[in-house]
Structures are given as C-alpha cells and as structure tokens.
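Asker: The feature signal peptide is assigned by TrEMBL to 1-28. Annotation comment: TrEMBL describes 153-189, 331-368 as disulfide bond. If you look up TrEMBL, you'll see 218-358 marked as domain 'Lysosome-associated membrane glycoprotein 2-like luminal'. Residues annotated as transmembrane segment in TrEMBL: 375-398. Residues annotated as domain 'Lysosome-associated membrane glycoprotein 2-like transmembrane' in TrEMBL: 377-407.
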C-alpha cells in the first residue's frame, strides 16, 4: 500500500512523502522536497535498517534490529541556502531520528554525513537496557556526485560504529535538483559498478506459465571475502533459487563459474555478496549472538528474471546456520532457507565460516541436524550386528555347556 501526504516544512515549502511497506519487514522511504515555488529541490528514495548492541541490567549484551519505524515525520528537512546545505531529517518512534547532510562544490555535490540517534529509554525496543537516554552515532561519508546527477546504489551498504550497524540499499538521491526536475543521468556507487549490466531479453522467449520441473543439483562454488591480505570469510555451497512472482514459479541454479563474490567483515557482522550477469546482488549477512555463536541473520536479493522484470526481496529477521564462534557450519544434505513466501534458497554441500578464519582455512565443523541423522544409520546397523553376535555367542556357549553335561552323565 502506498500513502501520500502533503505537509509544510518550515522554510522549505511542501514535502511529498511516500512510505511503502516492503517485503518482509523492510520499508522504503521516499521524499520529494519542494521549495517555496513548489519546484523539487531534493529527491530521495531509500531503504534502511539498524542493528544496535546494548548492555542489559544483568551485565550481558543483547542485539536488537530496528526496521519497523511506525509513523515517520520529516520535520527539519530543508532545500538549503547560502548558509546551510540541504538536509534530510527523519523522525520515528519515541526518540529515534536520522539525518543526512549535503553540500555543493563547483561541479559536484556531496553526501557529507549521516547521523542516527536512538533512545535506549524506549522500553519496547530496549526493555532491559542498563543506560537510558538518547545516543547519537555520526558517520562522515564525503560521497561526491556530479551536479545534476541522480545517485543510485542498489547494493547493500553497511556502516558500523559504536555498537551500531546501519544498513542501506536501493538508494536514490539527488540534492540541488536543477529546474525542479529530477535528473535521468545516474551516478552509480562503487558496489553497483562491479555488477554486470542486465542481459538483453528477447521478446521471442515465452514467459513460464506452469510450475517448472525441478532442476538437477547445482554445482557447489567456493567463495571468500578478504580483509586486507587475510581471508575473513569462507563459504562453499551449491545454490538453487526458488522464485514466485505474479503466480509464476521458477527454479534457478547459480553457476559458480560466472558468479563473483565480494563482502565485508566486522566484529559482530559479516557480509557475503554474490553477483552475476542476472543477479544484481545476493547478500548473506551473518551476525554474532550471545558473544559465542554466529548465524545467518539476513538475506537480500535483487535480480533480473527471464521476462526482464526485477525481483527484489529483503529479510533481516532470519535464524539459520547456527554454530559456535571459532568453528564452521556444515550441511551436506539439501537445506532450505525460507526468505519469504515468494523466495527460498535450497543449499547443497554447504560449509560456511564468517568469523575467526585462520590461515584461510575452515575450522572444525559443526554438522547440521540433517547430517546428524545420517550418523544414526551406521550406529543402528552396528548395534544390530553387535546384538546378533551376542546372541550367536550365547547360543554357542549354551550348546557347548549342554554338550559337556551330556558327557558327564554318560
């Protein structure tokens, strides 16, 4: 559902706001800021969420993800003037706010900084926080964009500072809009530049109309992420994507030979991003919980389908591939990661280690429950054979004893 509302912002004319409920607890924000002459001066559309690690009253640490912002206002958003640059100001929840500041040079404009404030006094979000109050995290960016260009970044961008992880994706923004018209010239972020342009779709190829026949087992690929000269994340897996859009289902096997991997490693989060000629990004985001285990927390995907449309889904509330820190997670049998009702990932010959990789090699693996079941078969067979052997030996000794007793009676 899309809702529009016009309301005045002091010194900036009218603001046109659109708040869209995205897939699986992901919200897209859209802001069209106009000047006193009702001409667009700043345009932005983006998705974001925040993960905050905080200390509790019993001296342990918890992590909370903030994605459902409820009612959103934009008080303080301005077009900018000779003294002050443009600014996007967002308020949501009890004491939560987000600000982006812009500036202009001769031929470029910049996204200078982002500021996020959260309220640990909000008992709903932080029910057992040790310290109560407003905490602000400032990030300096200095992203330079040519004047009259629209900045685009579909890829997931992550900022981490002071126990706060900020995630941004599907970003469109243009400050200092010329003549009230948002530009059609796009300036891509570095992450999007590494993705290959969408392939040409021929109109003679018919769209699928029935449920496809299940494909063969996908080939397993090996992916890694480096932090400087060291490998910080390892993953080996065969991936099969199950997509349903407009009541049309498709199954896609990922070819590791044409798939590229990038990512990042931080103290409590790690990202593995895959892309190819048809996949803009397929992100696996891992997180640490309870300071001693890791798990798959988030999956984001945006890709081109055979009919030329773009399929995008995000879910930051997952709980898969759980294992102790310092180990790897392994599952040789087929597993399914259910991202949403429209998107599932089948994994084969899986092994991942997103933290504490040593010398570029996997640590001892924790097997998934599916693999654990496989060990029950040889154990059961061994136990049965042992039982048969015991019975044979008992029968032999009983027979031997009776035979010996018969000799004594004779």
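Each residue, glycine too, has its Cβ placed from N, Cα and C.
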Asker: Can you give me the Cα-Cα distance between residue 153 (disulfide bond) and residue 331 (disulfide bond) in Å, rounded to a whole number?
Answerer: 34
Asker: Taking just the CA atoms, what is the gap between residue 189 (disulfide bond) and residue 331 (disulfide bond) in Å?
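Answerer: Cα-Cα, rounded: 35 Å.
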Asker: Name the residues of the same chain, 6+ apart in sequence, whose Cβ is under 8 Å from the Cβ of residue 368 (disulfide bond)?
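Answerer: Correct list: 329, 330, 331, 333, 335, 350.
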Asker: Quick one, of the disulfide-bonded residues 189, 331, which Cβ has the fewest other Cβ within 10 Å?
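Answerer: Taking 189, 331 as the disulfide-bonded residues, the minimal 10 Å Cβ count falls on 189.
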Asker: Using a 10 Å cut-off, grab the number of neighbouring Cβ atoms around the Cβ of residue 153 (disulfide bond), all chains included.
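Answerer: Around the Cβ of residue 153 (disulfide bond), 21 other Cβ atoms lie within 10 Å.
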Asker: In the domain 'Lysosome-associated membrane glycoprotein 2-like luminal' (218-358), how many residues does DSSP assign to helix, to strand and to coil?
Answerer: 3 helix, 98 strand, 40 coil
